[in-house]
Amino acid sequence: MEPAMTLALAASFGSAERWREEFAAMGKAHDGGSGWVLLDVHRAGVFEQATAMIPGATWRDPSAVEQWASELPAGRGVVVYCVYGHEVGRSTALRLRAMGLDARYLRGGFDGWQAAGRPVEAKLPRPSR
């Protein structure tokens, strides 16, 4: 089941501009169009300590999936990422899939993304959810 859930992002994502182009092609999530929603699902304590995130991402508490899942736009896929792309990201994607959403996790997580030289941006303030 893992290959169907895992989002493998192309190694060509090198610059912030290229990432934004590719993310727009995945679904224009920045504009609220159809397509992917990108969620940072680091645990709350880890997110508090973080200084950066993937461009276009919004943080959501992975321990409260049932509280915020219904707020996700209908008909759009969801990509979640955590620190390493293992336990938290994978389990959050599984929980969202169990609720009927097209959810995937980013293999390698934020650390893998950053280690590959892909763009990051300053962390946005956490939503009050």
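Every residue, even glycine, has its Cβ placed from backbone N, Cα and C.
Please treat TrEMBL annotations as automatic predictions, because they have not gone through curation.
If you check TrEMBL, you get these features:
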type: DOMAIN; residues: 32-122; note: domain 'Rhodanese'
Residue counts for the domain 'Rhodanese' (32-122) under DSSP, helix then strand then coil, are 35 helix, 18 strand, 38 coil
Taking every residue in the domain 'Rhodanese' (32-122), the average pLDDT works out to 90
